[in-house]
Amino acid sequence: MEFSSRARLRHARLAGDRREQYPHSLQFYLEPPMESISLVEFESFAVDRLKLLKVIENLGVSHVRGTDVYKAKLEAELRKLKFPYRALAEDDYEARRKDHISHFILRLAYCQSEDLRRWFLQQEMDLFRYRFNELTESLMQKFLEHVNLSFEAIGEDVKNELANELSTSTPGFTLAKVKEQMFYKVGLADAVDLFRARKVFIKDGFAYVPFKEIDVIVLNNYRTKLSKALALTARSLPSIQSDERLQPLLNHLSHSYVGPDYSVQKNTGKISLEQIDALSVKSFPLCMRQLHRALRDSHHLRHGGRMQYGLFLKGIGLTLEQALEFWKKEFIRGKVDADKFDKGYAYSIRHSYGKEGKRTDYTPYSCMKIIMSNPPSQGDYHGCPFRHSDPELLKQKLQSYKISPSGITQVLELVKGMHYQLACQKFFELTHDIDDIGFSLNHPNQYFTESQKLLNGGRELKKEFNNSGNFQQKNNSQESINSSSTPTSSNAKADTELEGLEAYFTED
């Protein structure tokens with residue numbers, strides 16, 4: 001990605017070359033961006049695309065792809081985040097530019113492990129499928145030519161000659177419909193999936209593909225290219241990891257939470273210690289309910305559990321004094337005496353509230369952080385039960401919570417598909433007896449807040465948060481920024497622009 005020469009970009013704009021840079025609202029992302037970009041824009045673009053991909057993941061499970069509801073919700077999100085949503089010819093240059101740059105930023109962030117690559121590939125494929133199917137036939141043809149996938153359309157004489165075979169080999173096609181539809185002669189290697197599904201007529205090593213099925217071939221081609229590109233980018237990881245500008249940003253993105261900030265909680269002091277047991281049953285997500293039960297049973301949690309649960313309790317409103325009292329009362333019921341607690345454990349609790357050490361006010365863990373980092377080992381209770389529990393043990397736990405057999409099946413299907421946050425959403429719906437949660441669940445404290453709103457009747461207005469979600473950018477302009485104004489990139493240099501990233505996307 002050569003982020004260089006902003007003057008060159010300005011010249012291109014002045015010369016009226018916008019359409020030349022991005023001739024289509026859709027692309028295969030074969031060429032990295034060729035311009036400078038500020039750190040603020042880098043983060044803003046990346047976070048917006050991440051929000052979009054998370055919405056796509058949620059919609060893909062909640063709705064049937066391609067239905068009117070699915071398309072309406074996805075178009076609304078594309079509009080809101082200012083990404084291309086229709087094949088506009090003239091006036092969506094900025095949206096296309098954002099789409100192009102943000103894809104390559106997330107490609108850097110999500111090439112770092114097999115799980116991340118798989119997730120990124122699936123969501124990008126769904127986004128591409130939606131956009132491609134929204135094109136008109138003429139725009140589809142132009143796009144296919146643009147990406148060198150211009151298949152040969154068979155003539156009327158050939159179509160009439162093969163009409164019977166095309167009708168019987170193509171599901172849903174009568175002879176009349178065959179005459180109306182355009183067919184393409186495609187090499188069998190490009191149409192393997194259609195051949196396996198018995199959806200096309202095969203003759204002399206070629207598949208005769210109706211226009212309405214051409215998206216399957218285009219999507220397979222895109223998947224192959226993007227998979228190869230992700231693997232190629234992964235080879236550049238050593239270079240990325242040594243880049244002090246990028247590594248903190250990219251690590252944060254790949255484990256990123258893009259919702260409200262729960263480090264400052266308006267309910268501070270409003271929850272009493274006596275309420276916690278009841279709240280854990282009614283309004284705690286499964287991960288926190290599991291930690292609370294383990295703490296009550298064994299009167300102790302290891303460091304990972306204390307951090308995950310302690311910050312969650314801080315987020316729902318426990319003051320420092322309440323937290324010290326809560327943990328001390330529980331630990332001294334076990335094998336820790338009061339003196340040992342005061343000398344050891346109390347310090348780490350004060351530290352998490354920003355009262356010791358570097359005075360960092362720690363933020364409660366998001367779902368992505370819990371899922372992607374520090375998996376539990378034997379004797380640990382932290383982590384995400386949907387991600388880290390054995391399916392049979394998870395099933396038993398859900399049964400103990402009186403979840404219906406059909407509900408358990410739905411949850412386990414989502415877990416099997418590695419949709420762990422969506423499994424938690426389903427758990428919320430089942431335990432609160434609602435059909436549609438109405439929001440994307442990304443944080444344990446969000447689960448608690450939404451549960452309390454529902455149980456207490458009425459939904460209050462959500463707290464305002466900036467466009468960059470949990471990145472907490474205070475300066476949202478395109479000015480120079482330094483490391484002190486970018487919490488997630490504390491090692492970043494005070495350069496206004498990122499340059500010289502092209503090597504991460506090219507072969508050695």
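Including glycine, each Cβ sits where the backbone N, Cα and C put it.
Marked as [4Fe-4S] cluster binding site by TrEMBL: Cys287, Cys367, Cys384, Cys424.
The compositional bias 'Low complexity' annotation in TrEMBL covers 475-491.
The domain 'DNA primase large subunit C-terminal' annotation in TrEMBL covers 278-448.
Feature annotation from TrEMBL assigns region 'Disordered' to 464-499.
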Practice problem: State the count of C-beta atoms found within 10 angstroms of the C-beta of Cys384 ([4Fe-4S] cluster binding site), not counting that atom itself. | Solution: 27
Quiz item: Among Cys287, Cys367, all listed as binding-site residues, which has the most CB atoms within 10 Å of its CB?
Solution: Cys287
Self-check item: Residues within 8 Å of the Cys287, Cys367, Cys384, Cys424 Cβ centre (excluding the [4Fe-4S] cluster site residues themselves)
Solution: Pro285, Leu286, Ile370, Ile371, Pro385, Phe386, Arg387, Tyr420, Gln421, Pro444
Practice problem: Note down the number of other Cβ atoms within 10 Å of the Cβ of Cys424 ([4Fe-4S] cluster binding site), including every protein chain shown. | Solution: 27
